[in-house]
Amino acid sequence: MTAALLTGMTTARLDAIDPARLPALLRQMPKAELHIHIEGSLEPELIFKLAQRNGVTLPYPSIEALRAAYAFTDLQSFLDIYYAGASVLLKEEDFFDMAWAYLGKAAADNVVHTEIFFDPQTHTARGVPFETVIKGLNHAVHRAHTGLGVSAKLILCFLRHLSEEEAFATLEKALPWRHHFIGVGLDSSEVGHPPSKFERVFARCRELGLHVVAHAGEEGPPAYIHEALDLLKTERIDHGVRCLEDADLVERLAETRIPLTVCPLSNTKLCVFPTMADHNLPALLDAGLCAMVNSDDPAYFGGYMNQNFIELFAALPQLTARHAYQLARNSFEASFVGEEQKRAWVHQLDAVFNAG
Ligand code: HPA
Ligand SMILES: [Zn+2]
């Protein structure tokens, strides 16, 4: 599979690229984003605009005060603010506006394909119908194809701090809209909520022909990654950076080419790594894993896709054009699209690296 995707670019050619071209290449190269929570793309400006439009009172007096609260110590300290921010989303056009703003940013970063997580339970718990959420998001996704040239798909995430029963109830509500999303995921507070809690829900989702992914090994132990693979049978692992603590797991991930959707700025902002220079993405690539770069919650963590690439490569000088190409190629390999489309995107990628 890997060899088939690696078209014109040889390692020797990649290593001959002038390092001065690297920042431009990172920006210009076509890429796929596979780990973005749409609620995490809600910028403070849009939060305030929607609050005003919907008559919602926010516990922050200004945009600056809200932004100042974005100093996180761990995943939970972020999730508390992230769920509060989502409280301004009430109407279909709110969900459209949020997704449309993200898709414009993605297009500007040369993201040609994005698989977008959404958290319906965050909204249905506040009385917003599932239909309102999915219709608003779907409208933006469709408009992105024609208006921005960005291919976008939706992945429904279950909140793992809630019960199995609530996940099943959410799936029931989603089924009339089954054709609007391609898969399911698992997010929210990881530690104490292992993948095993959702084994039966995921089995049902697989029966329905949905793709399955799960957050694991962000704050949780490598055992959670094993569980996601063994019990949920996930096709990708979201984050997964703690896999390096378990040599057998690394071998398993390398052999199966199960992708890891890594989020560098997220990991530094949530203190998974003390600084970007400590990030283990170079080691993940050296271990032969199908890892790539994603933004996770770009409005909260300081940047969208290209900002993640730029800060990662600036902090880790051992990363070169070879790694940039590998990361983009991995993003296409890991995406839930057909082989022909993947090959077309890799050809576009080759063209950018061959130019100049
Ligand atoms: O990084 C994350 N981890 C878990 N849940 C989330 N929900 C939004 N972002 C995240
Ligand atoms: Zn995430």
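Just so it is clear, glycine is given a Cβ too, placed from its N, Cα and C backbone atoms.
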### Message
Given that TrEMBL assigns His35, His37, His215 to the Zn(2+) site, pick the one from Asp109, Asp296 that the record assigns to that site as well.
### Response
Asp296
### Nearest-integer angstrom distance between the alpha carbons (Cα) of His37 (Zn(2+) binding site) and Glu218 (active site, proton donor)
15
### Query
Using DSSP, would you call His35 (Zn(2+) binding site) helix, strand or coil?
strand
### Message
Given the recorded positions His35, His239, Asp296, Asp297, tell me which ones have a C-alpha lying within 10 Å of the C-alpha of Glu218 (active site, proton donor).
### Response
His239
### Message
Spatial neighbours of Asp297 (substrate binding site) among the recorded positions His35, His215, His239, defined as Cα within 10 A: which are they?
### Response
His35
